[in-house]
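According to Swiss-Prot, the feature 3-amino-2-oxopropyl phosphate binding site maps to N7, R18, G191, G212, H213, an assignment based on sequence analysis. The 1-deoxy-D-xylulose 5-phosphate binding site annotation in Swiss-Prot covers D9, H10, R45, H50, T100. Swiss-Prot lists H43, E70 with the feature active site, proton acceptor, giving sequence analysis as the kind of evidence. Summarising the annotation, Swiss-Prot assigns site 'Transition state stabilizer' to E151 and lists sequence analysis as the type of evidence. Annotation comment: Swiss-Prot describes H190 as active site, proton donor.
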Amino acid sequence: MAKLGVNIDHIANVRQARQTVEPDPVQFAFLAELGGADSITIHLREDRRHIQDRDIYLLKDTIKTKLNLEMAATEEMLRISKKLLPDYVTLVPEKRKEITTEGGLDVKNNEKYLKNYVNSLKSSNIEVSAFIDPANDQINSSGEIGFDFIELHTGKYAGLKGQDQYVELQKIIESSYYAVDIGLIVNAGHGLNYQNVKKIASINNMNELNIGHSIVSRALAVGLERAVREMKTLISIN
């Protein structure tokens, strides 16, 4: 059964909308764990639009599961992550004007830089993942660089319907098997919700799904603990 990583960025979004102290994502991480989250995911963006530096250190000290830090491959983030020492880092592309991450990291065309970057993280015993599109050339480069994991971008799958969605699902399935064959652990995320998650969760070699927006949206009606528990139930039913 795939594990569930709960992204709590949207809790911080509500707080930052008023530049105040609540809701506190650290408190909500505790509720996510009570609901069965296997890890807590946070994205420390360069512009600090939601998660703040104080959040990451408090989360590292207080959560009982694992901490997945999403970040851009910048020198600032390298320094922060080597000080924080999260359980693992997921490298993502980042654009200032985007609402959310729009696509996968271009590992293939940045191999030299990313290899040095990944080696630096791993020298601090941090496992490293690449958030990439389901494409074999990106998977190959991820393996050659030395990433421990990949996270397959499911945003396109989530935005399609019918036969088009089926075709994209097959691409994700094929990519996941290919990645496992070359020694990578496979995660997936982006756009997954209570309606579309089961087909991704049922992929045999899927390690973990990272889900945020849909869980936080559901939590407005039923509370975060229950929202996480409901998602865990869906993931476990194949």
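The backbone N, Cα and C atoms fix where each Cβ goes, glycine too.
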| For H10 (1-deoxy-D-xylulose 5-phosphate binding site), what is the tally of other C-beta atoms lying within 10 angstroms of its C-beta? | 19
| 10 Å Cβ neighbour count around H190 (active site, proton donor)? | 26
| task | By Cβ count within 10 Å, point out the most packed of the binding-site residues listed: R18, R45, H213. | result | R45
| note | Reduced DSSP state (H/G/I helix, E/B strand, rest coil) at H43 (active site, proton acceptor) is strand
| note | Longest inter-residue Cα distance for the 3-amino-2-oxopropyl phosphate binders N7, R18, G191, G212, H213, rounded to the nearest angstrom, is 26
| remark: G191 (3-amino-2-oxopropyl phosphate binding site) to E151 (site 'Transition state stabilizer'), Cα to Cα, whole Å, comes out at 13
| Cα proximity to H10 (1-deoxy-D-xylulose 5-phosphate binding site), best match among recorded positions R18, E151, G212 | G212
| note | Should one count Cβ atoms within 10 Å of each candidate's Cβ, the recorded positions D9, E70, E151 would be headed by E151
| How far is it from H213 (3-amino-2-oxopropyl phosphate binding site) to R45 (1-deoxy-D-xylulose 5-phosphate binding site), counting Cα to Cα, in Å? | 17
| note | The correct three-state DSSP answer for the residue listed as 'active site, proton donor' is coil
| task | Round to the nearest Å and give the CA-to-CA distance linking H50 (1-deoxy-D-xylulose 5-phosphate binding site) with H43 (active site, proton acceptor). | result | 8
| Among the recorded positions D9, H43, H190, whose Cα is within 10 A of the Cα of G212 (3-amino-2-oxopropyl phosphate binding site)? | D9, H190
| query | Given the recorded positions N7, D9, R18, E151, H190, which lie within 10 A of H43 (active site, proton acceptor) by CA-CA distance? | reply | N7, D9
